[in-house]
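Lifted from TrEMBL, the feature list:
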- 42-64: transmembrane segment (TRANSMEM)
- 85-104: transmembrane segment (TRANSMEM)
- 139-162: transmembrane segment (TRANSMEM)
- 174-192: transmembrane segment (TRANSMEM)
- 204-229: transmembrane segment (TRANSMEM)
- 337-355: transmembrane segment (TRANSMEM)
- 440-537: domain 'Cyclic nucleotide-binding' (DOMAIN)
Amino acid sequence: MAGQHPEDDDSIVFLSITPENAESGGLRAKKKWETKLLSDSLWNTIIVISCVIAVSLDPLFFYIPFIDKEKKCLGKDKTLRNVALILRSLTDVTFLVHIGYQIWEAGNKAYKAITRGKTMLKNNEIIPFAKKFAGYLSWLSFLTDLLAVLPMPQILVVLLFFKLKGEEYLEHRKVLNLFLLSQYLPRIFRIILSSKKLTKTAGIWVKAVFNFFLYILASHVLGAFWYFFSIQRETSCWHQACTKTTNYTGCMSTFYCDDHSTLRNITFFNERCGVEFPGDTKPPFNYGIFLDSLQNDGNTGDIDFPTKLCFSFWWGLRNLSNFGTNLTTSNYVWENFFAIIISITGVLLFVYLIGNVQTFIQLTTTKSEELRQKIKRTEIVWETWMDKNRVPEELKKEIKKNIHKKLEKDKDADLENLFDQEKHILKHHLCRDILSQVQFLKVMDEKVLKMICDYATPVTFPEDKIIFQSGHPLDRMLFILEGTVFTYSTTSDPGRTGASPSIPTKQLGRGQAYGEELLMWASPNKPTVDVPTSTECVKCHTKVEGFALSAKDLISVATKCRRWWNLNNDR
């Protein structure tokens, strides 16, 4: 409030984001927004796409200058300039948002770590906050984005390139070219950083398309540089021709088309910088690899943008694909340096593509072999389990067939889960086999046993699990298929707190049942009473698999099968 003065150490510096316990707005709302709109995978995809688009649009700046063949001057495509500036500004927005988001995220984490739920940051917490902020900020990603968003082409091509004059023109242009090449380093590095995360989660087809697009993108960029350097080679010839005249200043005064006040000596420049000459005639100036661009009906002239874009792109794709082996260069150093870059880029992209293909083949082969070995090991377990439970051969074949069909549809499926899903086929066989061993059911009619199997549900209990508590209602029967359970007397109930070590009173295993008194309780010819109470505690000694039949379902079976109900000791 106004009029209050902060104290020395406890003074409030600024009010931060609303804490987590705020009833509305604040950090809770931002977390929800961040979860929905700025998930890591979504935002990373946006960054990759933005980087690729930005790298694709930057070469448009190289097509802004053109050579007026009639006036022998350097012109400017103003329409393309405006389009390139607008598109570049739009892509820069994404980088600026990402920079701001990284700062906000690091600041938010540092604030939480320092204030620990408080709403205010104190004076003595500013330095610790700054240290935490510096630690949480991803400097590599932050600096990469910061360098990538620098307006290099806007300043160097649109402004400075058309202002270079004087005797130091060639030296200044070399520096300009160096900066133009260097601007691609942070953008390419950002693509590498983001694409690593993207390709980890993307499918093989997405990776393949991405690798192919990198090849196309590199061809587009190299073709644009080739166009830009072609113009520079012809203007270099003009510069050298002017240095041999007595009026260098007057010769260079009409270098740019916008500065034309007097006509240039066209014949003079055609003689010293001409690009059209008979095949057996020595050219007046060695243009090297840039001659094709200057000769082909004036690709560097004032022609339609799509025409020069397609021709330049085709040149880049053709030479990138053959690693620049067909290029015939002059002895100009920077021209040879550019040819070397083309060759190295082509080799690296080829190795990268082949490496990815080889990795994919090895991964596929390894996965197939691992899956085959896993199926083989698991089939041994299946065979052992089914033999132990006396599963007929027909059922074995049916189960194997079903599992292999599911594996063909989904090779990454969990084999254990697939086998568990197929156990429903074995339900009647296994349940019927257990019921035949229960003493009370030895003389029971087949119709009743079949209905009991219909109602019974498969159950699994881990080791040391207490299935029945002493004194609790006996609400179900347990038919043991696999494993061992121990029963304990009431006085030695292991489920009671502070009970002394107890000795099992009985052991039950495969083919045995617990809760047989429910059969007597559910008999149709017996009066209906409450569900009996368990007088023992039943605990798993090992993992137990079996079938459970609830008291309610047992009553249903006894009611529906009253005519065929017959217990072995029902008297």
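Cβ coordinates come from backbone N, Cα and C, glycine included.
DSSP states for the domain 'Cyclic nucleotide-binding' (440-537), grouped as helix (H, G, I), strand (E, B) and coil, give 21 helix, 27 strand, 50 coil. Same-chain residues lying 6 or more positions outside the transmembrane segment (85-104) and placing a CB less than 8 Å from one of its CB atoms are 38, 43, 46-47, 50, 53-54, 57-58, 60-61, 137-138, 141-142, 145-146, 148-149, 151, 153-154, 158.
Note on the transmembrane segment (42-64): residues 76-77, 80-81, 83-84, 87-88, 91-92, 94-95, 98, 101, 148, 153-154, 157-158, 183-184, 187-188, 190-191, 194-195, 197-198, 213, 217, 220-221, 223-225, 227-228, 305, 308-309, 312 of its chain, located 6 or more positions outside it, place their CB under 8 angstroms from a CB of the stretch. Per-residue pLDDT, averaged across the domain 'Cyclic nucleotide-binding' (440-537), gives 80.
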